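Here is what TrEMBL records for this protein:
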COMPBIAS  338-352  compositional bias 'Basic and acidic residues'
COMPBIAS  762-771  compositional bias 'Basic and acidic residues'
REGION    338-367  region 'Disordered'
REGION    742-771  region 'Disordered'
TRANSMEM  20-39  transmembrane segment
TRANSMEM  160-182  transmembrane segment
TRANSMEM  194-217  transmembrane segment
TRANSMEM  223-241  transmembrane segment
TRANSMEM  248-266  transmembrane segment
TRANSMEM  302-327  transmembrane segment
TRANSMEM  402-421  transmembrane segment
TRANSMEM  543-564  transmembrane segment
TRANSMEM  576-599  transmembrane segment
TRANSMEM  605-628  transmembrane segment
TRANSMEM  635-655  transmembrane segment
TRANSMEM  689-710  transmembrane segment
Amino acid sequence: MTPRLSTGTLKRQAGRILKFSIVLPLFMTVMFPLVYGFSMHAPSPHHLKIAVVAPDETAQHLVDRLDAAAGDSYDVSAVASDDEARRQIEALQVRAAWDPHTNTEYVASMGSTSATQFAESYIAEIAPKALVELGKADSAEQAQAPTVRDLVPPPNNDGLGLSLLFMGLPVMMAGFMTATGLRSNLAQLSARVAISIMAVLALAYATLATFVGFSVYAAFEVHALPIFLLMAFASFTVMLFHTGGMRVIGLYMALPTLFLLVLLGVPSSGAGMATELVPPVVAALHPWLPTPALLDALRKLLYFPTASLAGNVITLLLWFFLALALLGASFLRRPRPTDPDAVPAEKERQEDSAPDAGTRTERRAREQLSAAVASTRGFRGFFGSRRVVSDEQMQNRRGLHAAIRLPMFFAIAMPLMYLGVVHHPAPNGMVLDVVTDGAQGSSIAQTLEQLPAYEVQRVDSAEQARQDVLHGRARGAFVPAADAGEVQGAEAGKGPAVLVASGMGIQAESAVTTVFAAVSGESSPQTVDLAPTHANDRFGMSMMYLGLGGIVGSNIAGMMIGLVGRGWSWHRRLVWVLGVAAANTGLQYLISVHVVRFLPADVDWTVWPILFLMSVSIQVFAVGGALLIRNDVMIWLIGVFIMCGVPASGLLLPLDMAPDRYQILHHLVPSAAALGAIRSRVYLPEAPVGSAVLTELIWLAVALLVYLWGCLHVRRLRRRDEAAAAREAHQFDDARAGEFEGAVLSGSPGPQTRQLQVARAAAKEAARDRT
C-alpha cells in the first residue's frame, strides 16, 4: 500500500517551493540592472588595439611614443604596410588602423560599432599632431581629418549588427528551458531517452533560429550550415550542463545557469558592447564562457571568414565535456524522495511508486529491481507506440508536450520579434521640425515633404523648434544659418544648426543629422544636443537593463504566487503581489541611482511609480493566469511582456525607425509603454507620459478581471471536489441493514469493495514484480 505523506513532509516541500519562488524573481530583478549596468553603463577603453602603418624608423618611433602615452586605454602597434593592417582588421586582431602617409583610417564596423567609435575618436585626436611630426602638415589646425574606410560595413539587412545576438541567445535559452522542463515533468526518464530527446530538440531550435534569420528576414548571406551546426551544438551543451546540475543540486541550479549564460555571458560576449569597453573583470570572462564563445563564433562566420574559430570551438567543447562530467557525477548518488534538493515532480513519482510494506531486505530488492527495469526502458517504454499506450505513457506524453512548449515558443518568438526590429533600421514616420522664416528653411521643408519616411512640421522660430524637441513632439529640428544665433549652444555665422536629443535614441540622432546634412548641402552642420546621454549611460541603453529586470522578475514572481498560493485567499495573494512589487522595484531604483548610478541622482521621482505600476500590472495578470491555466501562463507572459513589449519600447531602436507593427504595439503593451515613459522622464522630463500611464491603468484593470476570473475558477473547482467527496462519503447513509454485507459479497461499488479491489491489484503487481 502506498504510504501516506506526513504533514511535516508536505510543509517542508511547500516551504522549499515558496522559498524558491521568492529567490528566483528577486535574483533576476536585482541582477539585471546590477550586472548589466555595471558592465555596460559607462564604457571606457581597456587595451583597445590600434595599428599604425610604420614602414620606416621615424614612424616606428612615433608609434612607440603613442603607445606609451596611451597607457592602458589603447595598445598602439606598428605594421609594415596597408595590406598587413587590413589583414589584421579582417582577422579581428586589431580594431582599427591608420596610415599617416595617406592619412587613411581603416575600420570594421561589424567587428563592434562601439569599439569603432572609440577607435575613430582616438585616431582623430592623435592624427593632427602626428601628421605635423611626420612633415605631412604645417600645423595641427591645417591637418585634414583622416579618410575613413570601413572594410566590413553593416549590410543592408543587419544595420545595427545585433542580429547574431538575437539568433544565438534564443537557442541557448531554449536549451536551458528544455532541461528544466524535462526534469520537472519527466524526472524518471532514463538518461539515454532524455539525451536523445534533447539532441533532437537542439536541432529543432537551431533550425527555427536559422529559418528566421536567413529566410524570414534575409539578414545574412553566408552559408547557413556552419551557423546551424554551431547553434545546435551550443544548445545541446547547455541542456546537458543544466540537466547534470539539476540532478546534483535540484531546482536551484537555475541560478548559476542563468548567471553564467545570460547575466555574465551577454555582457562579456562583445555582441552588445566590445569587450575592450567593459570592465576588465567582465572582459576576462570572454574566453571562458559558452555564450561569448557562440556569439563570437557566429560573428566570425557571418562577417570575418578569415578570423580563427579555434578558441571559440575549444571553449564550447570544454563546456560540453564539463556537462558530461557533471552529468556523470550525478549518477554517483542515488536520489531519494527525502532529498531536500529533489524536484517536486520527482518526489511525487517516487512516492506514488513506493513498494508495498515488507521486510527491509524485500523492500530494497524490489527497489533495485524497479530501478533496473526503469533504466532499461527505451523510448517506447516511456511513451508507448502509436497503437498501444498505457495511462502512464499517456501521462508521459503530456509531460513531454508541457516540457517543450515554452522553449519551442521562445526559440521562434525571440528571433522573430527582435530581429524584426533591429535588422533593417530606417526612418519611418520620423517627425522633423524646420524653421521656415527664410528661403533656406522653406526649401529644405519642401524637399523633406517629398520623402515619405518623414513628417515635416513647419515652425516659425528656433525657440518653438526647441520646445518641440524637448517635449517629444519632434525627433529633431533644422534651424537655418540666419536663425542659428538664437539657439543656445550654436554660434552665429557658422552655418545652420541641427537640434537633436540623443538621450531618446542615438540611432535617431545620427539619422536626423545625416538627412539634414544631405538636404542642406552642409557637410557638417552645427549639432546642438538638447538632451544628451548621461556620462554613465553613454549609449542610452541602461533603462533597458532596468526594465528587463523588472519584467522578468514580475513574470516569475506572479506565476509563482499563482501556483504556490493557489489555496490562499484572494487578498493574501494581492498582499504578496504588492509586497514583491515594492521590494523589487525599490531595490532596482536604489541600484540604478545609488549603486551603479546609470540614473542620475536628481532623476525625476516619477520613475519609481511607473516601474511599480508596471510590476503590479504584470504580476496581477500572471497570478490570474496561473490560477486559470497554471504553468502555461508563462507562454503568455513571455510573449506579451518580453517578446512584444521590449522591442516595441523604443529602447533597442527608436520607434520612428522601426516597422509599423512595433509602433502599434508600443501603445498596447504595458511593458513597452512603461519603458518608453521611464526614458522620457529621465531625458525629457517635460514630455508628457499620460498615455503610457493610461495604458498601464487599463492593463491593471484587465489584470484584475483576469485575477477575478481565476479566483472564481479555483473556487468552482474546490466546490466541485468537495461535493464529489461528500457524495462519496454519504452514498451508503440511507442503506438498510443487510444491504452493506450484500454489496460486499456481490461486488457492488462501495468504499469497502473499492479497498478490496485496490488490495487485490497491489497483490497482483507484487506477484508480477517477483516474477
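Backbone N, Cα and C define each Cβ position, glycine as well.
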Counting CB pairs under 8 Å, which listed stretch among 160-182, 194-217, 223-241, 543-564, 605-628 touches the transmembrane segment (635-655) the most? 543-564
Look over the recorded stretches 20-39, 302-327, 402-421, 543-564, 605-628 and say which has the most C-beta pairs under 8 A to the transmembrane segment (576-599). 20-39
Is it the case that the transmembrane segment (160-182) and the transmembrane segment (223-241) touch, counting contact as three or more CB pairs under 8 Å in which the residues of each pair are 6 or more positions apart? yes
What parts of the chain pack near the transmembrane segment (302-327), using Cβ distances under 8 Å and only residues at least 6 beyond its ends? 87, 90-92, 108, 110-111, 152, 164, 191, 220, 222, 227, 230, 233-234, 236-238, 240-241, 243-245, 247-248, 287-290, 292-294, 296
Could you name the stretch, out of 20-39, 223-241, 402-421, 543-564, with the greatest number of CB pairs under 8 A to the transmembrane segment (194-217)? 223-241
For the transmembrane segment (20-39) and the transmembrane segment (543-564), does the number of C-beta pairs under 8 Å, pairs 6 or more apart in sequence, reach 3 or more? yes
Who are the long-range neighbours of the transmembrane segment (223-241) in its own chain, taking Cβ under 8 Å and residues 6 or more past its ends? 167-168, 171-172, 174-176, 178-179, 195, 198-199, 201-203, 205-207, 209-210, 213-214, 257, 261, 290, 293-294, 297-298, 301-302, 316, 319-320, 322-324, 326-327
